[in-house]
Amino acid sequence: MSVLVGLHGEAGSGKDTVAKLIIDWCNDTYPTCLSRRYSFAKPVYELASVILGVTPEFLGERRGKEIDQWFTVTQSQLERARDVWFKYGIDKFEDFSYVWPIFEEKYLNPQQLISENKEDGLYSLFISPRKMLQLVGTELGRQLVHERIWLIILEQSIAKDDPDVAVITDVRFPNEGELLRETNHLDMDSLLVNVVPAEQKFTIKSDHPSESGIPAKYITHELVNKFDGINNLKLEVYNFCDLELEPLVG
C-alpha cells in the first residue's frame with residue numbers, strides 16, 4: 001500500500017532533515033520501494049527565485065533567509081516568471097499578466113520599491129527571501145489565484161510519479177492538513193507528523209498566515225527534534241518509521 005507522509009512544524013524545526021531521514025529509511029529498509037520527497041512550496045520557490053533573479057537554493061539558505069536585502073527586478077525576469085506560471089498550469093486559473101500588477105501594487109509596494117534607471121531594470125525591492133516566499137505562496141498564489149493552487153499542483157505531481165512513499169515537507173495550512181487526512185484522491189494511506197523542537201530557540205517566529213499552524217485533529221503523530229546531533233535524530237526517525245511506517249509499507 002502506498003503512503004503519504006506529511007510533515008508539519010514551525011520554521012526551523014527540522015522538517016527537511018526529518019524528510020531526508022525518512023527517505024533514507026525507505027531506501028535502507030525497502031531498496032525496491034519508490035520513495036519521493038515533495039513540497040507544496042516547490043513552484044513557489046521557482047517563481048520567487050526567477051522574479052528576484054536568484055536560484056531556489058539561494059532563497060533556501062537559512063543564514064540569509066531572514067535578512068532584508070536588495071533585489072533588482074527586470075522585465076526578462078518577469079517573462080521567465082510567466083514561463084514558470086505556464087509550466088505548472090497556473091494559467092488555467094488566472095492569467096499572469098492580469099494577476100501580477102495587482103500583486104505588485106498591493107503587496108510589493110510596501111516592501112520599498114525603488115525605480116531603476118538601468119536598462120531592463122524595472123525596480124529594486126528590499127525584502128527578505130522568507131518574506132518574498134510567503135508573499136508569493138499565500139498572497140499571490142492562494143489569495144489571487146486559487147486557495148488550493150499549490151495542493152492541486154502537488155496532487156498532480158504525486159499522481160504522475162505514483163511513489164510507494166511520498167513525503168511532503170511543508171504542511172502549513174488547514175486545507176493542506178485536510179488534503180492529507182480527509183480529502184486526498186490519491187488512494188494512499190496518510191500520516192501527518194508534527195515535528196516539535198525540544199527548545200523554541202531553534203525555531204523562527206512569524207505572524208504570517210503560513211506559520212499559524214493547522215488544526216490538531218489532522219495531526220496523527222509527534223516527533224521531537226532535540227537538536228542533539230544528526231545521529232540521535234536519525235535514531236528517533238528510524239524508530240518512528242519502524243513502528244508507524246513499516247506496517248503500512250510492508
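Cβ coordinates come from backbone N, Cα and C, glycine included.
Feature annotations, courtesy of Swiss-Prot:
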{"type": "BINDING", "residues": "Gly14, Asp16, Thr17", "note": "ATP binding site"}
{"type": "BINDING", "residues": "Val44, Lys65, Arg130, Gly137, Thr138, Trp150, Asp170, Arg172, Glu176, Ser210", "note": "dGMP binding site"}
DSSP three-state assignment (helix, strand or coil) for Asp170 (dGMP binding site): coil
For Gly14 (ATP binding site), the spatially nearest of the binding-site residues Val44, Arg130, Thr138, Asp170, Glu176, using Cα atoms, is Asp170
Here the binding-site residues are Val44, Arg130, Thr138, Asp170, Glu176, and the Cα closest to that of Asp16 (ATP binding site) is found at Asp170
Give the residue from the binding-site residues Asp16, Asp170 that has the most other Cβ atoms within 10 Å of its Cβ, counting over every protein chain displayed. Asp170
Under 8 Å Cβ-Cβ from Thr17 (ATP binding site), six or more apart in the same chain: what's there? Asn225, Ile230, Leu233
Across all the protein chains here, work out how many other Cβ atoms are within 10 Å of the Cβ of Glu176 (dGMP binding site). 22
Reduced DSSP state (H/G/I helix, E/B strand, rest coil) at Gly14 (ATP binding site) is coil
